[in-house]
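Trainee: From TrEMBL, for reference:
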type	residues	note
COMPBIAS	537-553	compositional bias 'Low complexity'
DOMAIN	102-519	domain 'Major facilitator superfamily (MFS) profile'
REGION	524-553	region 'Disordered'
TRANSMEM	98-120	transmembrane segment
TRANSMEM	141-160	transmembrane segment
TRANSMEM	180-198	transmembrane segment
TRANSMEM	207-230	transmembrane segment
TRANSMEM	293-312	transmembrane segment
TRANSMEM	333-356	transmembrane segment
TRANSMEM	376-397	transmembrane segment
TRANSMEM	409-430	transmembrane segment
TRANSMEM	436-455	transmembrane segment
TRANSMEM	462-489	transmembrane segment
TRANSMEM	495-513	transmembrane segment
Amino acid sequence: MWTSLLKLQLLWVAQNLGDPTTCPVGPVGRALALGILEDTTDTSDATCQLQMAAGVVNSGQSSEWHLLQNVGELFNHFRVDDGKPTTLVGSFEFSMGVIGHVLTMLVYSGVIVALIYLIIIGLPARAPRDPAVDDGPTTNLLIFMCLVYALVHVTSDQYIPNLPKMGRVLHGSQFVMSGSLQYTILLKGLVGLMAAWCSDRVGRRPMLLAATLLMMVTCIMCGCATRVEWFLASRLLQGVAESVEPVIVAMARDYASEAKQRLKLIGILECMDFVGCSISPVFGAWIASRYNWRMPFFILSVAWAFLSFYGFTQLRESAPEANHKTAPNLSRILGNPSLRWLLLTESCILGAYFVMDTNNSYLLENTFGCSPLATALVILGYGLLAAFGAVMSPHFFTGTIMACAKTTCQFFTLMGLISFMLGVFAPGLPGYVGGVYLQAISMMMAYTSVNVLYFETLEDCAGLAAACEILIQMVFSGTIFVISTYVLVDEGVQTFILFQAAICVIAGVMFWLGRPFPHIIDREKSPETSPVTRENSPVSHSLHSSSCSTPPP
């Protein structure tokens, strides 16, 4: 609350400093006034800095000294006493705080009551699978799935550029504000294990409805937060809601039983995901520059409200008759060597992405001397190339999903080898950017095909399979990008570039170790397990138009 009051003072200072005819002062006063706004962390520190600044400039520039005295008087006039604001700005933030506090307590109370009810009564029965699901996803449903899948990441990534400003307003340190992203990612992975498993038992529709409604409410809570503690409490629930991501992946398995169709559907989802991740920081920074950092949260709340409304009115249950034997299914998934190697392959592919994503800004700005704008453009280019690769992945389908996965993983490994050679002979900025761009083009081709191959025989426990996928990725991908940071700091740029390229090559080795995937070969050779072609849906027809899969019996 005090930061907005201090901003009001600085606005008055800037207006006077900006007009030399009305208040001719030198650069010292301008620098000190700006420094007070940027560096102050509490009200007593602000008063102390104002007094020190007035003492410094009193030595030779009386006009600046009088100006800073006026700033001090203004500060005392607009101060908040005993939590009761005395200004219009303070009243606005006080009202926002009250709304946020009440809403947060109500939502937490509702969540706790719902959990107690489910523990006592048990999980509700799953609705039967809607026959219309066999026709494939409609265009509106496909848009809904893409928006939910993308906005999960946009909601978190959009406030990354605003973290310093938010830290000053919410009284949060850089460590705490950055941690609001990191612990949410961890929480999303842990809760996602339960959410994906529950979607097999209670259905996809209830999980999606609860997640979209909770995302809508938590966006409002984040936008109304006035202290970092309340913001973290809101982000905690938001991390729970973001765990809906594996449920969308399981839905893709429900609606597209043919491998070629599923490859295109997963490719579209991943394309939207990378486009959303690429533009979300720009969206958050631009809206915050025109209004404030709270506005993107309110805009996203409206978007989630529309998605929630569509889900309540149009979404149908798509989960098939699931096999509820958890222990045998876990043994079936994690006990199969081929599936384990596929999960490790996925983890290495995502690990290469996380290595770039978590270290890219530090490397480009601090090591190569790039500007923040140039760094943002590099990240944008990476995301667009990855999205292009996801869209192009179905073109590698040559009759079976196993052959497609083999081709794309070989391509990804080849790009990793080229990146490694660039790191050896050209470890500078052009070599690094060229290498990661080569990885970006091939990364999502390999990931989507391996993902489809993994789910090929797990349609009756797709939710549990998605939970296992998240667990393995969270452990191994997280380990990879943590190691990469130490490599960059301790071993230098060239070793880091070689490490990142080596991860791509290791992904190809992991896939090769899992061959020949006998469970997939048996399924593709068995006519009675071949999926039935879906012709009725316009989206399904477009996905199936160039399919090479086995015709229906």
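Placement of Cβ uses the backbone N, Cα and C atoms for every residue, glycine included.
Nobody curates TrEMBL annotations by hand; they come from automatic prediction.
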Trainee: Sequence gap of 6 or more, Cβ distance under 8 Å, 3 or more pairs: do the transmembrane segment (293-312) and the transmembrane segment (462-489) meet that?
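Mentor: Counting Cβ pairs under 8 Å, fewer than 3, so no.
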Trainee: Can you tell me which recorded stretch out of 180-198, 207-230, 333-356, 462-489 has the most Cβ pairs within less than 8 Å of the transmembrane segment (495-513)?
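Mentor: Between the stretches 180-198, 207-230, 333-356, 462-489, 333-356 has the largest tally.
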Trainee: Among 180-198, 333-356, 409-430, 462-489, point out the range having the most Cβ pairs under 8 angstroms from the transmembrane segment (141-160).
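Mentor: When the Cβ pairs under 8 Å are tallied, 180-198 comes out ahead.
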Trainee: Below 8 Å between Cβ atoms, which of the listed ranges 207-230, 333-356, 409-430, 462-489 makes the most pairs with the transmembrane segment (98-120)?
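Mentor: Answer, by Cβ pair count: 207-230.
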Trainee: Compare 180-198, 333-356, 376-397, 409-430, 436-455 by their Cβ pairs under 8 Å to the transmembrane segment (462-489) and return the stretch that comes out on top.
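Mentor: Looking at each of 180-198, 333-356, 376-397, 409-430, 436-455 in turn, the most contacts to the transmembrane segment (462-489) are made by 333-356.
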Trainee: Do any residues of this chain, six or more beyond the ends of the transmembrane segment (333-356), have a C-beta under 8 angstroms from a C-beta of it, and if so which?
Mentor: 382, 386, 409, 412, 416, 436, 439, 443, 446-447, 450-451, 453-454, 458, 461, 464-465, 468-469, 472-473, 475-478, 480-481, 484, 499-500, 503-504, 506-507, 510-511, 513-515, 517-520
Trainee: Should anything in the same chain at least six residues away from the transmembrane segment (207-230) have a Cβ under 8 Å from its Cβ atoms, list it; otherwise answer none.
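Mentor: Answer is 1, 93-94, 96-97, 99-101, 103-104, 107, 148, 151-152, 155, 167, 169-172, 176-177, 195, 198-199, 237-238, 240-244, 247-248, 251, 294-295, 297-298, 300-301, 304-305, 307-308, 311-312, 315.
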Trainee: Counting CB pairs under 8 Å, which listed stretch among 180-198, 376-397, 436-455 touches the transmembrane segment (409-430) the most?
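Mentor: Highest pair count goes to 436-455.
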